[in-house]
Amino acid sequence: METNSNKNPVSFFLASFIFLLYFLPQFCHAVDRITPGQTIRDGDTLVSRAEIFELGFFNPENSTFIFVGIWYRIDVKAVVWVANRDRPISGRSGVLRIGVDGNLVVLDGNNNLVWSSNVSGLSNNTTAVLWDTGNFVLSSNESVDDTHWQSFDNPTDTFLPGMRVPVNSAIGEYPAFHAWKSASDPSPGNYSMGVDPHGGPQIVIWDHGRRRWRSGQWNGVIFTGVPNMSSIASFLYGFKLSQLDENRTQYFTYYPPNPSNLLRFRIGWEGREQQLMWDDGEKKWKVLQQQPDLANQCELYNHCGNYATCDNLNSPKCNCLKGFRPKLQDQWNRGNWSGGCERRTELQCQRTNGAAGENGKPDGFKGLKCTKLPDLANLTLSAGNSEACRTSCLGNCSCRAYAFISGIGCMTWTVDLIDLHFDQSGSLQFFLRLHHSELDGRRKISILVIIIITVLGACFLVVSLWLLWRYRNKLKGLPAVSSMPCCKDDDVAVFDVSKSKEFSADLSGPSDILIDGNQINGPELPMFSFSCVATATENFCVANKLGQGGFGDVFKGELPGGQEIAVKRLSGHSGQGLEEFKNEIILIAKLQHRNLVRLLGCSIQGEEKMLIYEYMPNKSLDNFLFDEAKQAQLDWRTRLSIIEGIARGLLYLHRDSRLRIIHRDLKTSNILLDAEMNPKISDFGMARIFGGNQNEANTVRVVGTYGYMSPEYAMEGLFSVKSDVYSFGVLLLEIVSGRRNTSVRSSQHTSLIGYAWHLWSEDKAMDLVDPSIQDSCFPTEVLKCIHIGMLCVQDNAMHRPTMAAVVLMLESETPTLPMPRQPTYTSMRSSIDAEFTMDGQEIVSSNDVTVTM
């Protein structure tokens with residue numbers, strides 16, 4: 001018996017210990033849900049699974065009432081949602097539970113209903129779960145597809161990442177968020193915030209239902225009336241506007257590029273929208289931006305009235321638009337601008353029902369710059385460009401103004417122009433409709449002024465003719481063409497590619513020069529005779545040879561006026577070169593940008609085909625970048641200027657030019673440098689034109705240079721603007737490091753990209769920097785460029801930024817950049833100009849190297 005009595009305590013304690021080991025984790029784990037029969041009282045809370053959010057009863061500072069709310073579970077409580085904001089509970093005896101009808105309910109101490117989720121037709125087996133997004137979801141069987149109610153659809157004053165704000169023109173304005181009445185009173189206050197879907201979605205703040213502030217229209221990247229959004233990189237990747245669903249509704253969402261950041265947007269009780277981010281080091285919420293700026297009266301809605309501009313830096317702040325005058329002059333002079341302005345001269349179309357005015361002159365448009373376009377715009381989807389937008393507005397007498405904005409399209413205004421905001425940073429242009437007399441000016445030019453202008457013009461013409469006569473006589477005294485350069489007037493003609501017999505039969509052939517199946521009209525170019533070009537290059541003297549490529553040879557030359565030129569001479573044995581020749585004439589002659597090389601003309605005579613460019617005295621970027629003797633000439637300032645110039649040139653090709661062009665062969669040897677080391681993108685032989693709605697294309701003829709090709713292009717033949725972004729990322733890393741992408745070979749890394757990621761991931765990115773610029777560079781700028789480079793070379797094209805975003809990141813002094821994903825694709829072949837077909841096994845490069853896949 002003694003033996004049994006001694007063993008029983010041991011067995012009891014052992015069983016108790018095992019019981020605690022099994023059940024203790026369940027007791028310790030925070031509860032994130034409430035089920036039928038459970039209650040949450042004051043002092044009890046639900047905590048989301050990752051312990052980011054907490055739900056329970058709280059009482060605001062200096063208040064005796066309690067409310068059910070959700071807050072971030074951090075040192076400083078930030079309430080993001082309130083259930084019973086209209087009916088507070090006095091005392092400490094509130095209860096949250098699931099009622100007999102399956103709804104969430106809040107009861108006071110007398111068991112009176114204070115708040116309910118109020119969904120009809122529920123079963124009694126519902127469960128409410130607090131998610132890590134801050135969303136409190138009521139569902140059956142915990143199924144996402146069976147959600148009956150959620151706090152994200154019933155917000156209070158805060159917009160959290162993951163929320164969806166509906167945008168539907170049929171529904172109209174949607175004030176989704178309502179500010180607290182005060183810092184200690186969560187009940188709905190005077191201010192609300194939401195989306196106005198008309199004329200391009202925009203964020204609006206209302207004061208008692210009247211507009212107080214608006215963000216300006218959404219252009220796909222930023223809200224146009226908040227210029228400083230471009231300096232906050234988290235905006236560039238965070239806000240998204242979904243496609244229309246079956247109910248013709250779109251949704252604004254926001255997801256931070258770094259999910260670990262705690263972010264929130266709120267409408268404050270004082271009437272300002274704020275974006276806040278938690279600073280764990282300082283243990284406080286930091287304001288990233290807030291609107292409106294209460295110190296700037298121009299931020300307040302329509303401060304200057306109709307047809308007036310507001311500029312906070314001017315005195316007075318308000319001024320009437322051109323062609324308008326104050327409606328109430330006395331009040332205007334006293335500083336009361338609310339009356340706005342009115343036209344000085346009635347529009348001609350209103351006088352004559354659209355007929356031309358005196359002297360056959362119709363109404364016209366005056367271009368104006370602003371930082372916030374007028375409110376209440378209409379979208380004209382049928383107008384696909386600025387000229388069509390102008391025509392559409394001119395044909396409608398009710399149209400007061402128009403604008404064609406990238407990312408939005410054609411906007412017209414058929415109501416009074418209101419809430420115009422101007423300042424020195426104004427980059428948006430709209431066109432104001434005016435009577436022709438307001439454009440031409442009312443003052444008539446005097447007879448004396450006409451006589452003076454006529455006499456001066458005649459004198460100028462006489463002097464010009466005399467100089468031309470002297471110049472032609474000088475040319476006649478020069479030796480023959482074979483010994484001296486001489487380009488006579490009849491040696492230079494205007495060349496229209498579309499009318500050339502040699503090219504008209506071929507122009508419709510290659511898809512490179514087609515848009516949606518339609519042939520492009522060729523540009524008019526100066527056409528030089530063969531003898532003129534031969535003379536300029538001293539009969540293509542070897543001493544004047546600048547280089548050689550798959551196209552043919554490149555020679556330096558000089559025209560009689562002293563202008564230096566570069567001549568590309570098509571090799572008679574290059575089948576690839578003929579296609580490139582036609583492509584360059586079609587494309588580059590239509591483009592004008594300071595970061596693109598300029599085509600001066602061409603020469604076509606028999607089998608001889610040549611392109612004449614402006615001469616770049618510093619040749620190509622690789623001439624400096626990969627030459628140890630010249631690397632030091634590219635200090636950090638120069639390299640950063642080259643990076644920014646290339647980015648602006650690509651942005652022009654992708655978005656701002658008349659044609660939307662994918663370069664497809666961006667590399668250091670195709671970046672030329674002028675006398676001031678300004679970069680010029682060259683070699684458009686591989687380029688492709690995209691139609692207005694085309695985002696991606698596929699080819700079986702993959703051309704380009706290994707080491708710069710994006711994964712989807714090299715392996716699948718798919719290319720888009722993101723293919724150029726990848727090449728730009730490689731180029732950026734090469735400029736920073738002074739190394740070729742394919743020069744880094746080791747057991748661990750097969751390319752510069754892999755090596756850069758290795759250093760980046762180990763926080764040693766500065767080890768990538770070219771030693772020759774270590775002393776001249778600024779680490780913050782260098783690290784930003786490396787970061788951008790890693791974003792550009794991500795494997796998935798969807799993850800890469802657009803060139804518009806890249807330019808904004810480069811120009812922002814302190815951007816918050818998203819984290820890049822590790823690149824897994826690197827080219828295993830040498831950097832050779834290559835062409836191969838996707839449906840065969842053989843790859844043929846321009847260097848006559850053949851390998852198999």
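Placement of Cβ uses the backbone N, Cα and C atoms for every residue, glycine included.
TrEMBL labels come from automatic prediction, so no person has curated them.
Its own atom aside, the Cβ of Lys568 (ATP binding site) has 27 Cβ atoms within 10 angstroms in the protein chains shown. Annotated ATP binding site per TrEMBL: Lys568, in sequence order.
According to TrEMBL, the feature domain 'Bulb-type lectin' maps to 31-151.
Away from its own ends, the domain 'EGF-like' (294-330) comes close to residues 210-214, 270, 272, 336-345, 366, 368, 370, 375, 416-424, 432, 434-435, 438 of its chain (Cβ-Cβ under 8 Å, at least six residues beyond either end). The annotation domain 'EGF-like' is assigned in TrEMBL to 294-330.
Across the domain 'Apple' (349-435), DSSP assigns 16 helix, 29 strand, 42 coil. The annotation domain 'Apple' is assigned in TrEMBL to 349-435.
The feature domain 'Protein kinase' is assigned by TrEMBL to 540-817.
As annotated by TrEMBL, signal peptide applies to 1-30.
Taken from TrEMBL, the feature transmembrane segment applies to 445-469.
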Confidence summary for the domain 'Bulb-type lectin' (31-151), mean pLDDT rounded: 93
For the domain 'EGF-like' (294-330), the number of residues DSSP places in helix, strand and coil: 5 helix, 9 strand, 23 coil
The domain 'Bulb-type lectin' (31-151) - residue tally per DSSP class, helix then strand then coil: 4 helix, 54 strand, 63 coil
